[in-house]
Amino acid sequence: NLYQFKNMIHCTVPNRSWWHFANYGCYCGRGGSGTPVDDLDRCCQIHDNCYGEAEKISGCWPYIKTYTYDSCQGTLTSCGAANNCAASVCDCDRVAANCFARAPYIDKNYNIDFNARCQ
């Protein structure tokens, strides 16, 4: 779920608050469209698509589904989720949080003009 995703982000990118990722580029935060502006935005596009795939599982709502995962030490290695939905959502979040840790954060891509740059 989004709360657990926030915690995963804090694990992998401890020097930056989760909300820095909530309004970044074309895909981090509110939906998404257009071409990702950079590698970090591409991480968010992949995460959005992953949630879309998880939603195809009957009764799976990624934004609120809880799951378990290994404790954090810089890299999140595995999800301990017990069912397909929880495992899928956890893996979406784990992959994205690790992707965020590898991708450079470019300040000018935070809070961009969505209508002008993301069509």
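Using N, Cα and C of the backbone, Cβ positions are placed for all residues, glycine too.
Swiss-Prot has this to say about the protein:
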type     : residues           : note
DISULFID : C11-C72            : disulfide bond
DISULFID : C26-C118           : disulfide bond
BINDING  : Y27, G29, G31, D48 : Ca(2+) binding site
DISULFID : C28-C44            : disulfide bond
DISULFID : C43-C99            : disulfide bond
ACT_SITE : H47                : active site
DISULFID : C50-C92            : disulfide bond
DISULFID : C60-C85            : disulfide bond
DISULFID : C79-C90            : disulfide bond
ACT_SITE : D93                : active site
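Annotated features taken from Swiss-Prot, shown on the structure.
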residue: C11; record: disulfide bond; DSSP (3 states): helix
residue: Y27; record: Ca(2+) binding site; DSSP (3 states): coil
residue: C44; record: disulfide bond; DSSP (3 states): helix
residue: C50; record: disulfide bond; DSSP (3 states): helix
residue: C79; record: disulfide bond; DSSP (3 states): strand
residue: C99; record: disulfide bond; DSSP (3 states): helix
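Within 10 Å of the Cα of H47 (active site), the following recorded positions from the list C11, Y27, C28, C92, D93 place their own Cα: Y27, C28, C92, D93. Using the Cβ center of Y27, G29, G31, D48 for Ca(2+), the list of other same-chain residues with Cβ within 8 Å runs, in sequence order, C26, C28, R30, G32, C44, Q45, H47. In this structure the alpha carbons, written CA, of C92 (disulfide bond) and D48 (Ca(2+) binding site) are 9 Å apart.
In terms of Cα distance, the disulfide-bonded residues that sit within 10 Å of D93 (active site) are C50, chosen from C50, C60, C118. In sequence order, Y67, T68, Y69, D70, A86, A87, C90, D91, R94 make up the list of same-chain residues 6 or more apart from C79 (disulfide bond) whose Cβ falls under 8 Å from its Cβ.
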